[in-house]
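Below is one structure, written out as structure tokens; the observations come after it.
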Amino acid sequence: MFKAPRLDKPAVDQPTTMLKLGDAASAAGKAGQQGDAPARSEGDAERTSKFVALRNPDDPANRKPPQAPQAAQATGAPKTPAPGPKPPQAPRTGVTAARPHVGPDRTTQQPLPPKPPLDLLAELTNTPPPPETPLRTTVRRVKIWTPLVALLVIILGVVQSMRPLPAPTLDLTAQDSFTFDGGKPQIPWPESGQAALDVQGIGSFGSSGDQKPVPIASVAKVMTAYVILRDHPLKSGAEGPKIKIDQAAEDQSDAGDESTVYVYAGDSISQREALKAVLIASANNVARLLARWDAGSEKAFVEKMNAAAKDLGMTNTTYTDPSGLNNTTVSTAVDQVKLAKAAMKSPAFREVAAMMSYNDYKGVNHGNWNHLVGHNGVVGIKTGTTTSALGNLVFAAKKEVGGETRTIVGAVVRQPDVGGGILDAALDASDELIRAAQDTLQSSTILKKGSVVGYVDDGLGGRTPVVATKDVKAVGWGGLTVKLTFDADELPHAAKAGTKVGTLTVGDGGTSGAVKVPVALRDDLVEPGLSDKLTRLG
């Protein structure tokens, strides 16, 4: 790139390196022939060249602006007006006149503004990317996705660790049933009528006869007492509220065709005494009195009786009166056993039904029509006899087996007179059934104390064994299969070894006669660790 001469110097020829210009030399030779002779005598090597400016200093576009006045005063130079534009001169006749323009061209484009320092630094430091390869692509993707995946893992870990723990469960690993050795026992079922025999909490020996609804006479009073105690529970030994005797109860006292006790209008008897009159003396007039006292009317009370029968699953039973005197009050032996097992859960009912006699509020003694009570472990329940219903009895008896007391519950319905009366027929048939059941019952140890019977599952894969706290025994008879079930307590997430966590039940868990053994943790129950919390899926 060439610089133009400064304008403040005189525009005179300056010696410079000779440019050999070809055709220009020929033109100069011709011009020399017309000039002085000395000029013609100069050789090519001795010829001086003239400086040819690349830019015309007289061109206004190339002229520098005049210096400021302050600069002129500082240098002491006299102030002279700036020269005006010179008139165009005729081209000089010389060597350079043959070529109007020599040397590189200068562009008229203005220079670009300087770039920002950061861009300049980027140009200096950036290097072109290396060629793309599968390995470089993989590495680049790993660099991009690794932080995102790490962030997601951290978020997931926090969420997993903060989630509530699942509720622990108690699972049974021991056998879920047990069958007694031996064949099925032979039960002396009555030849006529109906019968049914169960052991509360264990199972049923079965039934005999066609289980069709038949009149049951005063056995209906079992439902009367059951509803009264359900609506007005009595604690053990308590007498309960006073019941005022109305005129209807007094009027029915001397009815000659039904069982009653003498009561007088205006007097009061306790709820317990009224129950004694119904279950022991079989007083029809007091059964009706209780119905009116409880429901306001006998009709309303009968509706309660039928509703209770439905709740107990007594599908072949219909009550039409609270005493059972009506022949339209019908049931079956199987249905009456269902009712008896429910009624025997009440302490007050058991206490009254097991009495051989009682004294009323007037001091009169009344004996139990069930002559089996007080003998051979018999503890109730209720007789019922009429000429149309024949002999009927719902009974209960105790038997101690394997250190546990079991309750035998049964019923005989419509037993005919075989020489000693219909009541004796029912009592005799019932006595045979009771003795057979007592003789058949046996005890067997299913699990020893300390045996692992299951485990507590923490829901995340952790299992803590649970053991029986004492020997697990079952009561039954040959060929009987009893079930083993777990009833869990409220299970913690952490507990010490020996903590009770549930109950192992052998038999029918819905009754008081079932065998129940507490189970406890063999080892410490530990809350799931962080790794288990982080890896759980559910």
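Cβ coordinates come from backbone N, Cα and C, glycine included.
Long-range Cβ contacts of S218 (active site, acyl-ester intermediate) within its own chain (separation 6+, distance under 8 Å): S259, S282, N284, S323, G324, L325, K382, T383, G384, T385, N392. Under the heading active site, acyl-ester intermediate, TrEMBL lists S218.
S282 (active site) falls outside any helix or strand according to DSSP and counts as coil. TrEMBL lists S282 with the feature active site.
Annotation source TrEMBL lists compositional bias 'Pro residues' at 80-90.
Taken from TrEMBL, the feature region 'Disordered' covers 1-135.
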Other CB atoms within 10 A, centred on S282 (active site): 27
DSSP-derived structure type at S218 (active site, acyl-ester intermediate), helix or strand or else coil: helix
